[in-house]
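Written below as structure tokens is the structure these notes are about.
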Amino acid sequence: MAKTLYQKVFEAHVVYEAAGETPIIYIDRHLVHEVTSPQAFDGLREKGRKVRRTDRTWATMDHNVSTTSNDINASGEMARVQMQTLMKNTDDFGVPLYGLNHKWQGIVHVMGPEIGLTLPGTTIVCGDSHTATHGAFGALAFGIGTSEVEHVLATQTLKQSRAKTMKIEVTGKVGPGVTAKDIVLAIIGKTGTAGGTGYVVEFCGTAIQALTMEERMTVCNMAIELGAKAGMVAADQTTFDYLKGRPFAPKGADWDAAVEYWSTLKTDAGAKFDAELVLDGAAIEPQVTWGTNPGQVISINTPIPAPEDFADPVARSSAQKALEYMALTAGQKLSDVKIDKAFIGSCTNGRIEDIRAAAAVAKGRKVAPGVQALVVPGSQQVKAQAEAEGLDKILTEAGFEWRLPGCSMCLAMNNDRLEPGERCAATSNRNFEGRQGRGGRTHLVSPAMAAAAAITGHFVDVREL
């Protein structure tokens, strides 16, 4: 029987399935951070349990960390407690920790791939909703709750129902100035934020195959934003070239055997998907969200829609509330919308290619008066690479702030946040009310579009700069 990529990876990890029961699957990689792990480790202590596979578990600090100081106290008392608790827990249970001063510290979904923890055909979980990022490698990766974190720590397994399958094909070739972020925002604009609920999505098509690994990570990162359990891209030569030689990637004969196996992990001809969607890559333009969920998105040159444009009453009501919260009006041009802040970073767009894209726009230009623009590398490795290339100098000379790695302004869990009423061009993944700070207004864009907005002081088509 012909199988999809998802079905192949899932079935390879079923360790037990009783009749009428939810399957139990094996977990190959468990990534841990400071926010969703404390209660899980406490649960192990209370029951006298150990971490079953300390060699399959890795921890880092990212959500709470300060991006201006390596001082553990710099982000406030709650952050200090969570980070110190992670240090104690990883020490007590023998779990490797890439802490504030470690060369591999960074956002968990940036760190994992760049050191070779993320491999095709593996199952990967983390107590974080954007774990789908790792699906770019042909892995089955998804976020879990804290009780499930405890279960994986104790057993290295998880009860997991089979998901429905969805194929999203992006055909053709995208034009200049159109990025992976624009592709995935355009997809979510078509599906809405619930279109993928109950599905694992496989992204495919010539426009997807043409993406670099970092670009594929951006696409899979936001699979959760269309409601999907996970997003996947089949591994290919681009994947193998990215992984070869990374610290945790197989070596020598093991590498050859791994590539041979990984090459079988693709959807068979004739395999049936439960749902399919096709987008024309050439028709995608730079995207900007206008509302309070990622599905409320339009191309930069499209006027902001009116609530009455939506046939569905729920969508109509949501649009009305979004316009009020965002202080926008139907028919308004995005180019007329001024910003207060720009944020370039996050697990969606905090990698070296993202920093390069922002620097290319910033070079020889200046941040607009009254705009604060932050560039936050996704990891210590990204930071070091960017500095080796002189990108930090280009950005700071243009008036951008060059920060230390962390989740930063993606979410209001550290010192980087919006004040009420402030408007931000952000390369992160969520534009919910208050996501970047109480009363803050978030517009999701690509790194190049965020840099362009920072320089002009308002949203602008980066292709016209």
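Just so you know, glycine gets a Cβ as well, placed from its N, Cα and C.
Annotated [4Fe-4S] cluster-binding residues in Swiss-Prot are Cys407, Cys410, and among Cys347, Cys424 the one listed with them is Cys347. By a simple count of nearby Cβ atoms, those within 10 Å, the most crowded of the binding-site residues Cys347, Cys407 is Cys407. Taking Cβ-Cβ distances under 8 Å and a sequence gap of 6 or more within the same chain, the neighbours of Cys410 ([4Fe-4S] cluster binding site) are Phe343, Gly345, Ser346, Cys347, Thr348, Ala426, Ser428, Asn429, Arg430, Arg435, Gln436. DSSP assigns Cys410 ([4Fe-4S] cluster binding site) to a helical segment in the three-state reduction. In sequence order, Asp62, His63, Ile107, His130, Gly345, Ser346, Thr348, Gly350, Gly378, Gly406, Ser408, Leu411, Ser428, Asn429 are the residues of the same chain, not among Cys347, Cys407, Cys410, whose CB sits within 8 A of the CB centroid for the [4Fe-4S] cluster site.
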